[in-house]
Each structure stands twice: as C-alpha cells, then as structure tokens.
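What TrEMBL annotates here:
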| type | residues | note |
| --- | --- | --- |
| DOMAIN | 1-109 | domain 'NADH:ubiquinone oxidoreductase chain 4 N-terminal' |
| DOMAIN | 112-394 | domain 'NADH:quinone oxidoreductase/Mrp antiporter transmembrane' |
| TRANSMEM | 21-41 | transmembrane segment |
| TRANSMEM | 61-80 | transmembrane segment |
| TRANSMEM | 92-110 | transmembrane segment |
| TRANSMEM | 116-136 | transmembrane segment |
| TRANSMEM | 148-167 | transmembrane segment |
| TRANSMEM | 187-210 | transmembrane segment |
| TRANSMEM | 217-238 | transmembrane segment |
| TRANSMEM | 250-270 | transmembrane segment |
| TRANSMEM | 277-296 | transmembrane segment |
| TRANSMEM | 302-323 | transmembrane segment |
| TRANSMEM | 386-405 | transmembrane segment |
| TRANSMEM | 426-446 | transmembrane segment |
Amino acid sequence: MLKILIPTIMLIPSATLIKKNMLHLSLLIYSTILATLSLQWLKPPLTLIKHSNPYLSIDQISAPLLTLSYWLLPIAILASQNHLKHTTQMQTRMFLTCLASLQTLLTMALSSTNLILFFIMFEATLIPTMIIITRWGSQKERLTAGMYFMFYTLISSMPLLIALLMMNYQMNNLNIILMPTTNKPNTIMWLACTMAFMVKMPLYGLHLWLPKAHVEAPIAGSMILAAILLKLGGYGMMRISPMLCLTKTLYYPFIIMALWGMIMTSLICLRQPDLKSLIAYSSVSHMGLVVAATMIQTPSSLTGAMILMVAHGITSSMLFCLANMMYERTHTRTLTMMQGIQTTLPLMTAFWLTANLTNMAIPPTINLMGEIMITSTMFNWSPPTLILTGSAATITAIYSMYMFSAIQQGKTQKDMMIYPPQTREYLVLILHVMPMILLMINPQTITLT
C-alpha cells in the first residue's frame, strides 16, 4: 500500500520543484507509472483484505475505486494542458499541486480502516476541489458554485462526525474490520451517518450543488468530481451501512426519493440547454440507482452498485472531456450553438457516439450489467419499482440521443472557426475507451461476489 501512497505524496513537491519545461511531461510520466502500478490491486483472487497495515488496507470495495482514481490522474493532467496554456507558471504549479494533493487525500480516504481517518480525508478532499473550482473556473458564478459545494458538504458532514464520536465512545473502537454489527435500530445515528454520503452522491433533493459545481469547474475538476468524488458517497454507504441496523421506515423514503429522482433528473436533462449541466444531471440520475442498491444491502445489489459506479466514473469523465473539447472550439456550452460538428470533426463524432451509447447502457457495456443487476434486485425486493427504473432507463436513452443529435447534426454556425482535434485529445479519449472495452471483456475484476 505504502509503495504507491508515498510516491503519490511525492507528486506534491514534484509539482512545485520540477523545471518549467519538464513539468507537464514528468508529472504525466510519473502519474502514468502510478496508474500502472495501481492495476495490481485488481488482481484476482480478491481476498478479503490485502496490501494491509493497521491504518490502511485495500479490499474488494475500495480496490476498483482506487484504481479508477489513479487511472484518471494522468488523463486529467493531459486534458488540462490547453486550459493551462494561458496561465502563469505559478498558477500551473498550483493547479497541479491541487490535483496531486486531491489524489493523495482520495487514496487515503478510500483505503483507511479507521472511520475517523476516513472522515478527515473525506472532508479534506473538499479543500483542493474547492480551490480548483473557484480559482480555475470559467465564469464569475464559480464563486457561488464553490459556496454551494462547501456549505452542502460541511452541513451534512457535521452530524457524521458526532455520530462517529458517539460510536467510538460506545464501542471504544472505530476500526472497520473489528466493528460489530448492531441489532438495535437507532434512527438518529443512522440518519447522521447517512446524510453526509447522500449529499455527496448526491440524492435527488440534495443535489443542487452538483450542476453548479460541474458547470463552473475546469475540465480536470469536472472529471475528478464526476468520476471519484461522487463515488466516495457510495463507498461510505457500503462501508457504514452493515454496521448500522436498518429498518423499513428508515430506508423506504430514501429509495423512493432515489427512484423518483432518477425520473425527475432524466426529464430535466430533456429540456437542458447547457451541455455540461445536462451531463451533471445525468450523473444525479445514475447515482439514484446506486443509492437504491446500497439501501437494499443484498450481495447482488452491492455488486451492481460497484459495477455501475466504476462504469459511470469512466463514462461521465469521457463525456466531460468531450464537452470541454467542444467548449474550447466553440466557446459556448449551449447545445443549439454547437450543431453540425459531424461534418467538420467526423472522428470526434465516433467518440461522442461511443460515450453516449455507454451512457444509455447499450449491451454489452458494463453500464448495462450494473443497471440490470440493480434493476433485477429491486424487482425481487418490490416488483412495482420496475416501472420507475424502466421509465428512467427509457428517458435516459431519449436524452442521450437528443444530446448526440443536437450537437452533431444540423448546420454549422457561420462565424465558427473549428480547428481539428490534436493527438493529445484523441489520446485522452482512447484512455477512456480502453478500460471500457477491457471491463466488458472481464467484468469480474470489479465485482464484489
């Protein structure tokens, strides 16, 4: 564990000390080596706990998310290069330091065995993300987005800290491996532990910070926010739920809210003029399924939730990369202003189609596998949920096709000078498509059963 964590920490001084002309290249090579090393965590057989020490360990729940976060770090650095061209050397170093520190905090959050350490790292990820959004965002609304992000996270996390301290007082122990499961239902304790993760996921109704943060964040911020930070909520739910006794009265409202939110956010996507906002709302819709699956707590629903989280992490990150490439060329996020790209950038259209088809879960993608596992588990739990999950899947397909046709087809705006894509941009997209294809071939690397 430490042989990857210590080099990750060393990324921070590297970003501040390496010579200017070698900065991007050396950090890119460094983070690519780390991403390659992190693939060993997916190596079967997935024993219960491996790469362990008293404070940090990796098991089946954290391994796929850790590998995903390391895989996306070099891609985020690559994707940000055009954005950082117009900044000073000091600002570039600051940006890369924020990315490196965010990666370090995420690694420790996803691999900590102590719940207080997990809470500290879970909260600490707020700081670099906040700096990235408010400093390198594209418009003045980024400050509002940063405030929303900070207050939603902090207000929901305060009860979690109090609940963890109470658990520590009662059990004299907060180690995940040694924690006993309680048979007494404690409503307030369960709500306090769950709300922080529900906001992070986010659950419909607590989601207002997400579209704002995504729309204003630079490309690296959007990628990491969509792919990893939302998954921290699902990871926390999977970790803490087995320790707390659930009752029907507790999880019914949350499942109803998640399923209803899937349909509502999908309908919002249908009439969304802003491309980045549309992708952000589609994230809320997909996370609704994960909320419902983690509430039911059956082995197949948790496996489906993990598959969907990883699949959505790759897909939404790719969609944000594509949206950023369009924004760099057209300088607008409005769908109607972008139309007719198919004639000028045909290969980019192929990547758009791939990303859209995976987003709407076409066979044989792992998105479909995760959605089918969750939907079938929900159906076993309560047959009427099929109406909601089926409707949400249908609307998802409709808005994915609408997004694709609105951007690619039609007549190009006369005053637009659209330059061809660079090799760097194609490399970013290929690095997203590769794990999609590899996971289609062998999805067992990220399943929990």
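Positions of Cβ are set from backbone N, Cα and C atoms, glycine also.
Unlike curated records, TrEMBL annotations are generated automatically.
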Residue counts for the domain 'NADH:ubiquinone oxidoreductase chain 4 N-terminal' (1-109) under DSSP, helix then strand then coil, are 82 helix, 5 strand, 22 coil
Spatial neighbours of the transmembrane segment (61-80) not adjacent in sequence (6+ beyond its ends, CB under 8 Å) are 4, 24, 27-28, 31-32, 34-35, 37-39, 41-42, 46, 95-96, 99, 103, 106-107, 110-111, 218-220, 223-224, 227-228, 231, 235, 238-239, 306, 309-310, 313-314, 317, 321, 324, 424-425, 427-428, 431-432, 435, 445-446, 448
What mean pLDDT does the predicted model reach across the domain 'NADH:ubiquinone oxidoreductase chain 4 N-terminal' (1-109)? 90
Using a Cβ cut-off under 8 Å, which residues of the same chain at least 6 positions beyond either end of the transmembrane segment (426-446) come close to it? 42, 44, 64, 71, 74-75, 78-79, 306-307, 310-311, 314-315, 317-318, 321-322, 347, 351, 354-355, 358, 364-366, 369
Candidate ranges 21-41, 217-238, 386-405 - greatest C-beta contact count to the transmembrane segment (302-323) (under 8 angstroms): 217-238
Checking distant contacts: for the transmembrane segment (21-41), what same-chain residues at least six beyond its ends satisfy Cβ-Cβ under 8 A? 3-4, 7-8, 11, 14-15, 50-51, 58, 63, 66-67, 70-71, 73-74, 77-78, 81, 84, 92-93, 96, 100, 103
